[in-house]
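Novice: Annotations for this protein, taken from Swiss-Prot, read as follows:
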- 13-33: transmembrane segment (TRANSMEM)
- 98-118: transmembrane segment (TRANSMEM)
- 140-160: transmembrane segment (TRANSMEM)
- 239-259: transmembrane segment (TRANSMEM)
- 304-324: transmembrane segment (TRANSMEM)
- 325-345: transmembrane segment (TRANSMEM)
- 358-378: transmembrane segment (TRANSMEM)
- 448-468: transmembrane segment (TRANSMEM)
- 479-499: transmembrane segment (TRANSMEM)
Amino acid sequence: MDITNRQAVLKNFLGNSPDWYKLAIMGFLIINPLVFFFVSPFVAGWMLVIEFIFTLAMALKCYPLQPGGLLAIQAVAIGMTSPHQVAEEIANNLEVLLLLVFMVAGIYFMKQLLLFVFTKLLLNIRSKTILSLAFCLASAFLSAFLDALTVIAVVISVSVGFYTIYHNVTSNHSDKDITDDSGIDNQDSHETLEQFRAFLRSLMMHAGVGTALGGVMTMVGEPQNLIIAKSAGWNFADFFIRMLPVTLPVFICGLLVCLLVEKFKLFGYGAQLPERVRQVLTEYDQQASAKRTKQEKMKLIVQAIIGVWLVLALALHLAEVGLVGLSVIILATSFCGITNEHSLGKAFQEALPFTALLTVFFAVVAVIIEQSLFTPIIQFVLQASPSAQLSLFYLFNGLLSSVSDNVFVGTVYINEARSAFEHGIVSLQQFELLAVAINTGTNLPSVATPNGQAAFLFLLTSALAPLIRLSYGRMVYMALPYTLVMTIVGLLGVEFLLVPMTEWLTQAGWISLPHITNGVAIPH
């Protein structure tokens with residue numbers, strides 16, 4: 001059936017997104033200029049922020065780059081902010097963009113080593129409780145130094161690989177489509193497959209939460225951490241130590257939750273790896289190990305050495321994070337024999353869409369700054385006592401981060417806190433405590449929904465999710481015990497431990513106060 005030009009344009013607009021979503025975005029684009037010119041720029045600015053958060057919350061309907069980008073382009077076009085202000089925001093956060101471009105691509109070339117590690121963990125640890133703890137710890141450690149998306153991508157690769165192997169064997173190799181269970185006609189095999197799915201679901205959730213537990217601890221664990229660290233003038237060690245009063249109790253309690261939900265089979269956890277599946281996977285791994293050539297073994301050794309360089313370079317702050325990532329790309333590709341341009345290009349595919357989206361974030365942040373949108377909220381919070389300010393910043397960040405992207409939320413709040421410090425509203429010591437509250441508030445409660453954690457959203461939209469029956473609702477349900485414990489322990493840490501522990505660490509000489517010159521914080 002022929003369609004009109006108008007219908008063709010509507011079908012092309014935002015692709016396969018639902019019609020109601022397309023109409024909503026078009027409505028935003030029509031209403032925003034009218035409100036800006038005829039009602040109030042302040043109201044129009046807040047409408048833009050809410051609309052942008054809406055596009056982030058609806059990420060499963062349409063990747064936020066397109067609708068959010070259209071809103072940002074219009075905001076610049078009608079004068080909500082200027083191209084110069086947007087360029088300034090991007091320049092201020094160039095380190096973060098380099099982190100995403102080079103570090104994520106660098107870790108892509110270390111995937112063989114990471115796959116090897118997680119495969120050995122899964123097959124060699126027979127206790128499900130210990131295995132869950134190992135996955136959580138491994139994900140936390142890796143996410144403290146690497147990109148959380150890459151870590152979760154590796155765990156997804158392991159899980160999809162194992163699922164494919166077992167599915168093909170149990171369907172007698174007759175069913176090449178692993179999404180189709182019709183080739184499995186045995187009831188026992190169906191039950192075993194369901195148990196295997198439950199087993200993989202729980203492991204993926206433990207790994208996902210592990211990325212949050214480790215990611216909050218270091219300045220490279222999450223993109224917003226680097227923005228916060230730069231604003232406060234902290235290096236890698238400073239950031240890690242300053243976060244410890246909150247992150248260490250949360251980390252310990254997070255691991256306890258991991259043990260308890262597995263031991264008592266709560267919230268969908270506790271499923272064991274079926275023995276039949278273990279036999280199939282072990283046989284496959286033994287065959288793969290036997291076929292591994294000396295060249296492939298040397299690649300694993302080289303990648304392990306590069307991993308040590310990565311940790312040392314970050315811990316000792318030998319170079320900017322993005323440049324360390326670039327060095328990983330050069331070393332890994334040189335010594336693993338990857339010299340084809342097409343092969344190099346694949347490494348950048350994962351990070352560039354999010355890098356583009358982050359640039360759109362900065363355009364919206366420019367609007368927030370230009371229109372002073374958060375000034376009333378910040379003034380309200382800063383009227384409270386210093387200790388109450390910390391809890392309020394933590395809670396406001398946590399609430400927004402659980403429904404929106406935590407990079408966006410963290411960027412907005414650290415900019416406002418920095419502005420309050422520069423205008424003499426808060427002291428330097430209080431600003432640094434607020435930076436800790438903002439970082440932990442942005443990272444910890446955001447595990448509540450896939451919208452808050454990029455790693456969770458990546459898992460939900462991956463090829464693995466439908467295979468193991470991991471829906472949005474099930475993900476929220478399985479994350480609930482972690483959400484409650486991490487949020488509450490984090491709040492208690494901010495309220496009762498942060499100030500006395502920071503004072504003790506300062507007196508002990510573990511941390512020093514930076515001085516600020518020309519608007520940039522520089523550590524002593």
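Numbers run from 1 along the shown chain.
Glycine too: its Cβ is placed from the backbone N, Cα and C atoms.
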Novice: Is it true that the transmembrane segment (140-160) and the transmembrane segment (448-468) have 3 or more Cβ pairs under 8 Å, skipping pairs fewer than 6 apart in sequence?
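Specialist: They are in contact.
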Novice: May I ask which of the stretches 98-118, 239-259, 325-345, 358-378, 479-499 has the most CB pairs under 8 A with the transmembrane segment (448-468)?
Specialist: 479-499
Novice: So which residues does the transmembrane segment (239-259) touch in its own chain, when a touch means Cβ under 8 Å and the partner is 6 or more beyond its ends?
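Specialist: Cβ under 8 Å, 6 or more out: 129, 132-133, 136-137, 140, 206, 209, 213-214, 216-219, 225, 229, 432, 435-436, 439-440, 444, 481-482, 485-486, 489-490, 492-494, 497-498, 501-502, 505, 510-511.
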